[in-house]
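Worksheet for the structure shown next.
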Amino acid sequence: MAIQRTFSIIKPDATKRNLTGQIVAKFEEAGLRIVASKRIQLTLAQAQHFYGVHKERPFFDELCEFMISEPIVVQVLEGEDAIAKNREVMGATNPADAAEGTIRKEFALSVGENSVHGSDAPETAAEEIAFFFSGLELVG
Ligand code: DAT
Ligand code: MG
């Protein structure tokens, strides 16, 4: 597997509890490099666009309201097999199912307030990175 880039969000429940550094440490310990990073506050329209794939799901409105409730930290992570590696470090969507040592096991509050987002495939990683970052902001 070649070097990949993936997109990450440290979500409102985590920024609010001052966990940004501990979560970044998990990425770095796993061999992922932070090649872009910024703290932003999403608008409702941006949150709805970002999670558009889930717009028919019963939790969509709650999810979007949560994502705009506090600032978030958006990042691009780079490394060998970065998309799968990041998903592994994150743990399962529901923290009750997440493996020991994963971010969601250690920090998530619930299936909704689950501390991190990570891209699920090369196509979504490319789209998500381009939505939040310009080429100039990616410093490998
Ligand atoms: P992931 O974030 O692991 O890729 P996903 O893409 O299926 O998971 O869902 C996106 C987010 O939506 C997830 O991080 C939290 C929220 N979500 C998913 N399933 C949910 C549920 N059953 N109840 C409440 N929120 C949910
Ligand atoms: Mg997903």
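Any Cβ shown, glycine's included, is placed from N, Cα and C.
Positions annotated as active site, pros-phosphohistidine intermediate by TrEMBL: His117. According to DSSP, His117 (active site, pros-phosphohistidine intermediate) sits within a strand segment. A simple way to gauge crowding: the CB of His117 (active site, pros-phosphohistidine intermediate) has 19 other CB atoms within 10 angstroms, across all the protein chains here.
In the shown protein chains, 14 other C-beta atoms lie within 10 A of the C-beta of Thr93 (ATP binding site). The ATP binding site annotation in TrEMBL covers Lys11, Phe59, Arg87, Thr93, Arg104, Asn114.
Positions annotated as domain 'Nucleoside diphosphate kinase-like' by TrEMBL: 3-140.
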Least surrounded among the binding-site residues, given as Lys11, Arg87, Arg104, when other CB atoms within 10 Å are counted: Arg87
Binding-site residues (Phe59, Asn114), the one with most neighbouring Cβ atoms at 10 Å: Asn114
DSSP state at Arg87 (ATP binding site), helix/strand/coil: helix
